[in-house]
Amino acid sequence: MAASGKMASFRLPPLPTIGEIIRLYNLRAERQLSQNFLLDMKLTDKIVRQAGSLKGAHVCEVGPGPGGLTRSILNAGAADLLVVEKDARFVPGLQLLSEAAPGRLRMVQGDILTYRMDRGFPKKIARKWEEEMIHLHIIGNLPFSVSTPLIIKWLEAMSDRTGPFAFGRTRLTLTFQKEVAERLTAGPGSRQRSRLSVMTQYLCKVRDCFTIPGRAFVPKPKVDVGVVHFTPLAQPQIQQPFKLVEKVVKNVFQFRRKYCRAFFPIIMLRLELAEQMLQMADVDPTLRPTQLSVAKFGALADAYSKLCARNPGLFSYDFREERRNKGRDKGLLAEGLDSEEDDEEHY
């Protein structure tokens with residue numbers, strides 16, 4: 001009974017429902033901001049449970065909107081919740097929540113893409129990266145327009161141990177379009193395997209938690225939504241700088257349906273260097289990009305790093321610039337690449 005009473009202390013007092021908040025403050029989802037409201041508290045509670053125990057945790061919520069997910073985070077026992085909201089229309093409703101949870105909810109009105117989260121929490125909560133997990137979480141029902149650029153930004157920060165990862169191995173529980181969620185978690189051989197798969201999985205343990213049907217949101221989006229949980233690895237699977245790994249992965253997936261032997265000239269200054277890179281990494285030239293494991297990408301990144309050290313100017317080589325300067329048919333690209341621009345891989 002004592003434990004039950006202690007848990008009850010986390011619960012918020014009676015408040016207007018999220019639907020009532022939306023009507024009270026005349027809130028409408030802005031299409032240009034990719035806003036979709038999730039009103040079902042059972043679903044917001046389910047999202048929060050994917051983060052693990054939040055009892056006593058520090059949490060940053062991205063884009064709280066009318067505050068449904070915010071309520072679930074507070075009810076789960078978060079001791080310190082920082083919400084970052086770009087849209088000023090939601091501030092009054094969030095202020096109501098702040099008054100209902102005194103000392104537990106802080107608000108920042110700003111853009112999460114530029115917000116310095118390393119300044120958002122006290123330094124005393126920091127933990128050593130290789131040791132225990134920090135009790136700091138990022139949770140958010142992300143607008144579709146920012147979800148991919150934001151996770152790429154955070155992956156780079158994770159690699160550099162800056163931003164929200166300056167405190168330690170901060171975990172993330174976020175929503176994405178279902179297709180993006182599938183890319184994030186796709187393994188070798190999957191049709192959804194992409195640049196995003198490799199860049200995420202070399203730094204994180206990533207889990208596709210569950211799918212929320214589009215009809216659960218207001219307004220209803222054209223796609224379903226996936227909830228994805230990220231746990232930073234104590235040791236990344238690839239021991240190279242983020243920008244180098246990103247360049248290798250980007251170029252490998254440039255023409256995803258080609259064999260490996262076809263795409264390597266686009267990353268290398270000379271054909272013999274491309275062949276040397278494949279040999280050094282022990283990569284089968286008849287495999288396609290989607291078939292390569294993270295370990296193979298690590299071998300490619302290591303080989304590329306060594307070749308860059310031996311060949312000044314190699315890292316700055318850009319085959320697109322070369323094509324612009326010398327034309328499309330100067331023998332700089334592997335046979336057949338020019339005809340498959342529509343196959344180019346994007347995040």
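Start at 1 and count along the chain as shown; that gives each residue its number.
Positions of Cβ are set from backbone N, Cα and C atoms, glycine also.
Now, the feature entries from TrEMBL:
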BINDING   Asn36, Leu38, Gly63, Glu85, Asp111, Asn141  S-adenosyl-L-methionine binding site
DOMAIN    43-234  domain 'Ribosomal RNA adenine methylase transferase N-terminal'
### Query
Do you know the mean pLDDT across the domain 'Ribosomal RNA adenine methylase transferase N-terminal' (43-234)?
96
### Query
At its widest, how many Å does the recorded S-adenosyl-L-methionine site span between Cα atoms of Asn36, Leu38, Gly63, Glu85, Asp111, Asn141?
20
## Note on the structure
Smallest number of other CB atoms within 10 Å: among the binding-site residues Glu85, Asp111, that is Asp111
### List of residues, in chain order, with Cβ under 8 A from that of Leu38 (S-adenosyl-L-methionine binding site) and at least 6 apart
Thr44, Gly68, Leu69, Asn141, Ile212, Ala216, Phe217, Val218
### Summary
Across Asn36, Asn141, listed as binding-site residues, the smallest other-CB tally within 10 A is for Asn36
### Task
Using Cβ-Cβ distances, find the residues under 8 Å from Gly63 (S-adenosyl-L-methionine binding site) that belong to the same chain and are at least 6 apart in sequence, listing them in sequence order.
Val84, Glu85, Lys86, Ile112, Gly140, Asn141, Leu142, Pro143
